[in-house]
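Undergrad: Right, I'll just put the structure down here and ask away after.
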């Protein structure tokens, strides 16, 4: 692959593009387009934006991703969690439904796009690692609950709001007397239908003799049927006059050219939300892309994915959209429908553009309750509390991080939840590495091996203390080692030599070097000599660049046995 | 040591208290008291507080530390860096010199004391490890420059302010026309005298035949001479009428009982500064205490130190003081003067109480310029840019952290500086561990050893890939391993088995477990079997508690050679 092709993947896959590939991509595009129309509308509703924003966010961004992304099957557009995070972020700066709200969504997409692009160009894909798996799992589960709860107001036909579970439930309960019964009936029927489509339709189709792949795809188009039937029903029975909220007029036309608001107040308020949206979106997208790529032994380049997603979000910012990322369900449909290259994405964009141009009058009577039902059914599959049980069994530290993430996301909103999860998992990791295992070792009689004196019968010498450190030494555990040595030597008057056995030390950072210097000074003050043994090559190279080895009173022994022979009296 | 004595150390050292110990402690207390009088006044000035706050902060806090602390020689009270941080923190909420300012200082001491005490009771001393040595060194150096610069206004006799180097220099330059010459002369003479005392007096005293220890202690009382001489000079020549700012009336009496302001606004504004002051103060104090304890093969307990410092700060909060910690210079003087137990601290407190009762009228004419001079001379010894050179030579990551800490502390103030340093060093550490060394290994012919295929001539098999991971697997590098395996297997159609050799893996956290599951799934999808080899006992125990070993298609081999023999065709 050439250097240019790395940053512009079509140069790579475009050269092998054949008529057969084209056919497969076109078929996949048609199926994904049909699926995306209701989904895009629904997620726009979730984000608090006009319905067309969801369609717009699925046109230019998909094309840009298909030019710069590396996944063959990833379908980019609005997704549930990012839509919720968008609502939470811009809810701080503007009233949902206002002009400023839609403008802030553009700014958020711009910030997110610029960050993703910048991280991609600087090859900073590794920052996504700051999100541990349990934190992501907890966050997605809690977000799913928040999203489903946020949609209950559309099913009940009452006004409600808030960005935490408690706020949402409180405002819902406060309006429970004002439930609109026609809306509730439509909403419950749609939700029931969609659940049945999800669980019951596929087995039915299979029994009817359809191929599994076809049955799967047909089952995924259930929301389209729900949309069509409910729209017809509203129109036929005049349900809108009975209080059923409908989508109403959606402007016909291609995505408009929009300019995001760049006022510094807005930018600074949206900065942190944009960071979180970018990273969450990136992590979600990369895991989907990797899972799909693995099935065909293809590879994706995470840093180039950042560029692709960055371009997609910039595209969303300038064409009336809002933050987008690679979605799980749509990508799986795209993959299962046979998409072979990112060109399938471009064809999907064409399909959606046609829908934006021609089909929007058809959804005038589409009830919002049905869109809410599609969201609820989609996100409840994200809710998976088994992570709590699994992490509890495996590691209490991971369990703590998951539980904190879930509780804080539900109780204080998405931003607090994910931030707390990241900080807590980092803190727990640092806590663990800040207390490395250090064993006092002695010689196993008749061998040259040294083992923990607490676990084995070994020879020791009162004048010689050997400590084996089972971890790299860096700032978080440097002081621990200082304390440990200090504790051990206090009031031990027979001691003359301390040997640090470094066989498991892969790194000694500057803090650890200074701790070693401090240990050396303190040992000197107590008339004890410090030695090292079994120092690895790269660590030794570093130490040679400092003055430590000159200052250290003792020697560096190649093997611990050499140290033993040199420092203990002959028996 | 009993359980109670652990939390109340006098039960331990008090039982061995003898007449000789008493004499030594009393002598040390007299010397430290003399040294502390000007120092306490000066640091109160630095913190923007009335002079008596410095004395008050040195009485009850010392007594409380002597009851709960574990260091035999640590002298607790106002110190330069914490005074500067106090000024920066409460400068946000009140005007220096106002009633609210002194009240906020009490609140800050209360918050800091409560945090230290809480951390001590929860045994959270390890959080100090979050500050790497280079960050502390950079921060102390930059703080020294900030402190010295902040005192220039007293030497020049002009008003000036600000919490960053640029602000300070700008306001100084703006007032340069209004320099008060008598003040400048007093200030420059005092600074020159104190520098000479520091560098030139001790050799002179040694040549005059004094014992080194005595010469050292006498040289440290130089500030007292400067205070006495300059106070006399101001009184004799009526310099206060010529514009030389003087300390003026300092109330005579014991520390008052004060109640900190607990309004929630104030508490929330001071929360982060209190965290930083607590941690910086704790780190400084513990390093001093450990250095001194090591000289006598004594030990200190960092968690109990938190309790001691917490009690001291609570004491400061209720007796008109401000945040305190263990100071370097005073502790060294205390140690060198022969202090044997914390009782020396209690006697120092008595000395200072007598000073507060009787001596304050004597310092009415003490020029502030002389106090500023003592601060400047004291803090310039903290300034040490060699950390930049040393860390550059040793590790570029550490150098980056130091440089950022210094620049941000000077340019944006103490809180931004130390926060940025902590965050950057954590980020750099995580970056390093997020890209562990992973070697593809093969069999060294004629042995059972496996080595890196890039460095050694080894046997390999096209159907078998063995990867040795040289780091514990946790969330920050889990995805890296996923990517790496994915990249390596892409388009390698001969591959049938992947073995992860885990000899250097000390931990597999839940994220890494899920990554292993993902790797396993993806390998399965590509018809490749995943195996593990040389898994350590504790890691294996964990894995057995998950379903991973059941799901994994392959085996867990005790040794890599077993894996090789089992998975490659007999030759």
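These residue numbers are counts, starting from 1, taken along the chain as shown.
Note: Cβ is positioned from N, Cα and C throughout, glycine not excepted.
Pulled these features from TrEMBL for this protein:
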type	residues	note
DOMAIN	A:454-553	domain 'STAS'
TRANSMEM	A:20-37	transmembrane segment
TRANSMEM	A:43-67	transmembrane segment
TRANSMEM	A:74-94	transmembrane segment
TRANSMEM	A:100-122	transmembrane segment
TRANSMEM	A:134-152	transmembrane segment
TRANSMEM	A:172-197	transmembrane segment
TRANSMEM	A:217-237	transmembrane segment
TRANSMEM	A:270-294	transmembrane segment
TRANSMEM	A:306-324	transmembrane segment
TRANSMEM	A:344-364	transmembrane segment
TRANSMEM	A:369-388	transmembrane segment
TRANSMEM	A:400-428	transmembrane segment
Undergrad: Compare A:172-197, A:270-294, A:306-324, A:344-364 by their Cβ pairs under 8 Å to the transmembrane segment (A:400-428) and return the stretch that comes out on top.
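TA: Per the Cβ count, the answer is A:270-294.
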Undergrad: Can you name the far-off residues of the same chain, 6+ from the ends of the transmembrane segment (A:74-94), with a Cβ under 8 Å from a Cβ of it?
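TA: Non-local partners: 32, 36, 39-40, 43-44, 46-49, 54, 57-58, 61-62, 65, 100-101, 103-105, 108, 139-140, 143-144, 146-147, 150, 163, 266, 269-270, 273-274, 276-277, 280-281, 284-285, 288-289, 292, 308-309, 312, 321-328, 330-331, 333-334, 342, 345, 348, 375, 378-379, 382, 413-415.
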Undergrad: Out of A:43-67, A:100-122, A:134-152, A:306-324, what stretch is closest in contact terms to the transmembrane segment (A:344-364), meaning most Cβ pairs under 8 angstroms?
TA: A:43-67
Undergrad: Which of A:20-37, A:43-67, A:134-152, A:172-197, A:217-237 has the most Cβ pairs closer than 8 Å to the transmembrane segment (A:306-324)?
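TA: By Cβ pairs under 8 Å, A:43-67 leads among A:20-37, A:43-67, A:134-152, A:172-197, A:217-237.
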Undergrad: Name the range, of those listed as A:100-122, A:134-152, A:217-237, A:270-294, A:369-388, that has the largest tally of Cβ pairs under 8 Å with the transmembrane segment (A:43-67).
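TA: Going through each listed stretch, the top one turns out to be A:100-122.
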Undergrad: Could you put numbers on the helix, strand and coil content of the domain 'STAS' (A:454-553), residue by residue per DSSP?
TA: 43 helix, 20 strand, 37 coil
Undergrad: Short question: most Cβ pairs under 8 Å with the transmembrane segment (A:217-237), which of A:100-122, A:134-152, A:172-197, A:270-294, A:369-388?
TA: A:172-197
Undergrad: Cβ under 8 Å to the transmembrane segment (A:369-388), counting only same-chain residues 6 or more beyond its ends: which ones?
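TA: For the transmembrane segment (A:369-388), the nonlocal Cβ contacts are 38-39, 41-43, 45-46, 80-81, 134, 137-138, 140-141, 143-145, 147-148, 151-155, 157, 183-184, 186-187, 190-191, 193-195, 198, 223, 226-227, 230-231, 244-245, 247, 329, 399, 402-403, 406.
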Undergrad: Do any residues of this chain, six or more beyond the ends of the transmembrane segment (A:134-152), have a C-beta under 8 angstroms from a C-beta of it, and if so which?
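TA: Here the qualifying positions are 46, 80-81, 83-85, 87, 160, 163-165, 168-169, 172, 280, 283, 372-373, 375-376, 379-385, 387-388, 391, 398-399, 401-407, 409-410, 414, 417-418, 421-422, 424-425.
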